[in-house]
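The structure appears right after this line, and notes come after that.
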Amino acid sequence: MTSVCERVLVVDDQKGVRQLLREALRIVDVTAELASDGQQALDRLSQESFGLVLLDMKMPGMSGLEVLTEMRKRGDPTPVWMMTAYEEVKLYEEAQRLGAEQYVIKPFDVMDLAQKINMWLRSPV
């Protein structure tokens with residue numbers, strides 16, 4: 001059975017990105033669940049626990065910052081790593097203020113990111 005700390009919720013509107021991350025995380029023994037938009041992510045988070053949320057910043061409908069804001073309003077302390085193709089300092093600062101742990105710039109090396117996530121999940125607090 002997979003422990004909560006070994007489960008990651010990958011939230012991205014691009015199906016290819018979600019699938020690549022799921023496969024890369026599987027290779028490093030991390031289970032990835034997928035959500036294609038912010039509302040789907042919030043629904044999953046209200047029903048399940050995860051060790052990490054890997055959250056795209058720019059999505060149709062609800063943005064990653066809006067998802068993170070709603071998570072914190074609900075009292076959800078799940079760690080969040082934000083993904084974005086934009087190197088906007090303002091967005092980064094806002095994500096940090098809301099409690100984002102990391103900020104990942106696209107494009108990124110999928111296996112490198114998977115290994116970093118694996119090490120982060122398994123490191124002592």
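Glycine is treated like the rest: Cβ placed from N, Cα and C.
Because the structure is a prediction, the values reported are computed rather than measured.
Record features, source TrEMBL:
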DOMAIN    7-121  domain 'Response regulatory'
MOD_RES   Asp56  4-aspartylphosphate
Proximal but sequence-remote residues of the same chain as Asp56 (4-aspartylphosphate) (Cβ under 8 Å, at least 6 apart):
Val11, Asp12, Asp13, Gln14, Val17, Gly64, Met82, Met83, Thr84
For Asp56 (4-aspartylphosphate), what is the secondary structure state per DSSP, taken as helix, strand or coil?
strand
Going by DSSP, how much of the domain 'Response regulatory' (7-121) is helix, how much is strand and how much is coil, in residues?
54 helix, 24 strand, 37 coil
